[in-house]
Amino acid sequence: MPQQKRVRFKEDGLQVKNLHHLDSGAVYVTLLVVVGCGLLTSYLATRLPAALTVGDLEQSPNAFIAERAWASMKTLNDLGPKPAGSQANEVMAYEFLLKEVQRIDASKHTSQQLDVDRQTVTGAFSISLLNQSMTSMYRNVQNLVVRLVGSDARHALLLNCHFDTVAGSPGASDDGASCAVMLEILRVLSRRPVRTRHTVTFLFNGAEETMLQAAHGFITQHPWAGDVRAFLNLESSGSGGKEVLFQAGPHHPWLIGAYARAIRHPFAHTVGEEIFQLGLIPSDTDFRMFRDYGEVPGMDFAHIANGYRYHTRYDSMDFLSLDVLQRTGDNVLALTHDLAECDELASTDLPVGETVFFDFIGLVFVHYSATMGRLINLAVVFLSLVVPLVGFARTHFNDVFREVAFGLMGTVFGTIFSIIACTTIARQLDFIGKSMTWYTNTHLILGLYCCTALLSHCFVYLFLTTFYTNSKSNLSLGQMTQARLVGVNVFWSLITLAATVAGYRSGYIPMVMLVCSIASSTLTRLFNASRTHRAWMYIHLACQLPALLWSTNFYNVLIELFVPITGRFGGSRNPEMFVSLLAAAGTLLCCSYLIPFIAQLRKMMNLTAKLSAIIVLTIVLACLSPLGMPYRDESMATEPTPQRHYVTVSHTFRMFHDEFGVYRSSDSGYFFQEMDRNTRATIEEYVAPGETLTPMRQMSTCQTDVFCALPFYSLWHQMRFNNYWLPGPEPVYDNMVTVAYLGTEQLDPNTQRLLFSVEGSIQSSIMVGPKEGVQLVGWSLLDHVPTPAKFGGREGHFIFITHGLPGKAWNMTLDMQYDQPKATGELVDIVVTTKFWEYQHMHTAEFDQLLARFPSWSHVVPSVALVSVFPL
């Protein structure tokens, strides 16, 4: 059959019919396929196994029973917020867990041995995040440690959860559900007639939300910690859904092997591990303590769905289900049993190295070594270039090369212009005060940014078609498209190579896309379909279905993960820019192998006009309709999406002293922490209309006092975010942490030791700011002095202090070194902050009135803070 020549359309828009042209119906079918794949992967992401009840025990005596775990979670949930140091955490939650363990002990099989230890621990360590370090100190925090002794008791597997919560949140998912799951796993294992080969230790820790302190106390001080050979850490950064394995090892591939053997419902991706380790998620877990201080390998699991509810009042069992507990329990129980029986737990000579691991939409789990991954990536890159070109063996090389270059340039320039277009819209929306309109209705992202990215690719192809296409080419329009798809292969090959060379294991993402393209080229060649008008298209689309399921799954997961996180990004970063880039990347990933077909459309301008109309309509809806309102409360939506004011409102009283400890002055007010881009607008509109907020960095104390003499709690949040001060009346308080100056010892001509007594069992912090020409060279808190944090042009040492059970006064020394003699008051500034969480009786009427001004869709965590400042 003679080949059909490609005929370019005339200036007046009339076209000569070409058999390779596609009607507009092809566009709608393709969009339906893409949307259908997205809906399918979204459904699969929320599909959970049916929960088992007590009635299923007869048929499944060794199974995880979600109904029993649900009862435990309900008790913890009903206790309300349980911050470390509170009565709810230190007494009520702890005693409930202890009684549950005692009940399990009473009902265990006679062949089992269950040991219980109540650990109350004090310690300190330095921790660094965002290139700033601080000292974390804990006193009398509690752990409940239980071990189910194995037949070989020398080696143990550790399971960890935490029962404390942040203030203002019941913590049903973070982390009450995990503790309930662990109780049920302990119950199931303890009732089996045969012991596991290795011991299984269960750690219910009582101070995780306070910089991972209780886990540090266990791994560094508990006598059973030395037996631990691996751990499973159960966490949450959302509220329900599937638990994802997002950290493993490090450098222990045998753990991933155990996961592959045991897990019934896989959800794990290497890219999640790399995202977390890059610091893109503003959280940390006890994994760090076990890894860094115990040098123990392990796996980190977390629920990530509905991150809007994380650390809010909505993290309650009202928004969870039995099915969530069943899925998590099934997986963790199976993995616990596998690890407790495996040879690796007792071995001291295990292979080390990185692992590439991923699941395909929860149906199949794949894993291989990073070394093998590099070889696979290189082989796939090679085949993705060679296999398609074999089909053009009898075609003029110059024509093929030109179209391959067309496909590569179209993809590269389309990507560049899509980024430019999306970020331009993002900047403009932020400029007019319409940031985060997609926060609740994430489907708006499709119209705002995905359609914009697709339109940019269309315009690039229109431009290249007009000015680059060779009208004298010997290739038919269909063959041109096939050659341009090779150009897309070249693009993803370069991405895969770059990721592989840079050492990123997540290069498997484009590699899978290339595998689907290779399959398409191979089948086209086998069926000799490359010269047909339509058959090769059907083969290509069929091979793109798994690629679309793969890519739309990533889009759904990343949107579900990162959109809620923008609610705690702080106000200094524009979330529109971040989400627009995410959407542009997602559009490229999902549509890159469909975009070259644009040139085959009979009426290309119709597509661009419709995309433009969708974009304009979406912008209008986002800016002018209730759909663009970012936040919802429970009365407005079944899935609330509150605006966070977490640790934002501190009713603060500051006292300033002179170098002799004499009272000098004081002030008071409200300290607002800016959690998202719209926080200031909310405060100015609802909370303090007509009043002037002073940005933290513009306060006079930021020029004179260490860390602005403000009630810093989480050092990194206050340093990163734009916080605000509003003058107000003094709070009511009945106690506080005090630092009494006891005197000075002259260690040598250039070093003085300052002695203090610290009293008070409340959450607090001490900030130490050496004066000019003075250094802190030693102290009693640690055996070393961490690198000081820098803020406002001044260095200082931040000491974060958590009290669990009340304790006695304790002593602290600071060794200050200087070159020249210093007078009294010229050595160091000391700032002591006492932070009262869940102390509603300290709220004044004015404070309660201010809190009542916040809109219903806000989540506000109030606190009272006292700050004492004095120089020495």
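Any Cβ shown, glycine's included, is placed from N, Cα and C.
Annotation comment: TrEMBL describes 143-335 as domain 'Peptidase M28'.
What TrEMBL records for 402-623 is domain 'Endoplasmic reticulum metallopeptidase 1/1-A TM'. Looking just at the domain 'Endoplasmic reticulum metallopeptidase 1/1-A TM' (402-623), the mean pLDDT is 93.
According to TrEMBL, the feature domain 'Endoplasmic reticulum metallopeptidase 1-like C-terminal' maps to 640-870.
Per TrEMBL, the feature transmembrane segment maps to 25-45 (among others). For the transmembrane segment (25-45), same-chain residues at least 6 beyond its ends with a Cβ under 8 Å from one of its own Cβ atoms are 241-242, 305, 361-363, 541, 545, 548-549, 552-553, 555-557, 560, 590-591, 594, 597, 601, 607.
Per TrEMBL, transmembrane segment is recorded for 375-393 (among others).
Annotated transmembrane segment per TrEMBL: 405-426 (among others), in sequence order.
Per TrEMBL, the feature transmembrane segment maps to 446-464 (among others). Beyond the ends of the transmembrane segment (446-464), by six or more residues, the same chain brings 406, 409-410, 413-415, 417-418, 420-422, 425-426, 429, 437-438, 579-580, 583-584, 586-588, 591, 595-596, 598-599, 604-605, 607-608, 611-612, 614-615, 617-619, 621-622 to within a C-beta distance below 8 angstroms of the stretch.
Nonlocal intrachain contacts for the transmembrane segment (485-502), taken as residues 6+ away from its ends with a CB within less than 8 angstroms of a stretch CB, comprise 373-374, 377-378, 380-381, 384-385, 388-389, 403-412, 510-511, 513-514, 517, 540, 592-593, 595-596. Per TrEMBL, transmembrane segment is recorded for 485-502 (among others).
Summarising the annotation, TrEMBL assigns transmembrane segment to 508-528 (among others).
According to TrEMBL, the transmembrane segment annotation covers 535-558 (among others).
If you look up TrEMBL, you'll see 578-599 (among others) marked as transmembrane segment. Tertiary proximity for the transmembrane segment (578-599) is limited to same-chain residues at least six positions away from its ends with a CB under 8 Å from its CB atoms, namely 22, 26, 30, 34, 38, 407, 410-411, 414-415, 418-419, 422-423, 425-426, 438, 445-446, 448-450, 452-454, 457-458, 461-462, 465, 469, 477, 480-481, 484-485, 487-488, 491-492, 509, 513, 516-517, 537, 540, 544, 547-548, 551-552, 554-555, 558-559, 562-563, 566, 569, 607.
Here TrEMBL flags 611-631 (among others) as transmembrane segment. Using a Cβ-Cβ cut-off under 8 Å and counting only residues 6 or more beyond its ends in the same chain, the transmembrane segment (611-631) has close neighbours at 425, 429, 432, 434-441, 444, 446-448, 451-452, 454-455, 458, 641-643, 678, 855, 857-858.
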Chain residues in Cβ proximity to the transmembrane segment (375-393) (below 8 Å; excluding those fewer than six residues from its ends, i.e. six or more beyond): 368, 400, 479, 482-483, 485-486, 489-490, 492-493, 496-497, 499-500, 507-508, 511, 514-515, 517-518, 521-522, 524-525, 530
For the transmembrane segment (508-528), sequence-distant contacts whose Cβ falls under 8 Å of one of its Cβ atoms, 6 or more beyond its ends: 270-271, 356, 358, 373, 376-377, 380-381, 383-384, 387-388, 390-391, 482, 485, 488-489, 492-493, 495-496, 499, 535-536, 539-540, 542-544, 546-547, 550-551, 554, 589, 592-593
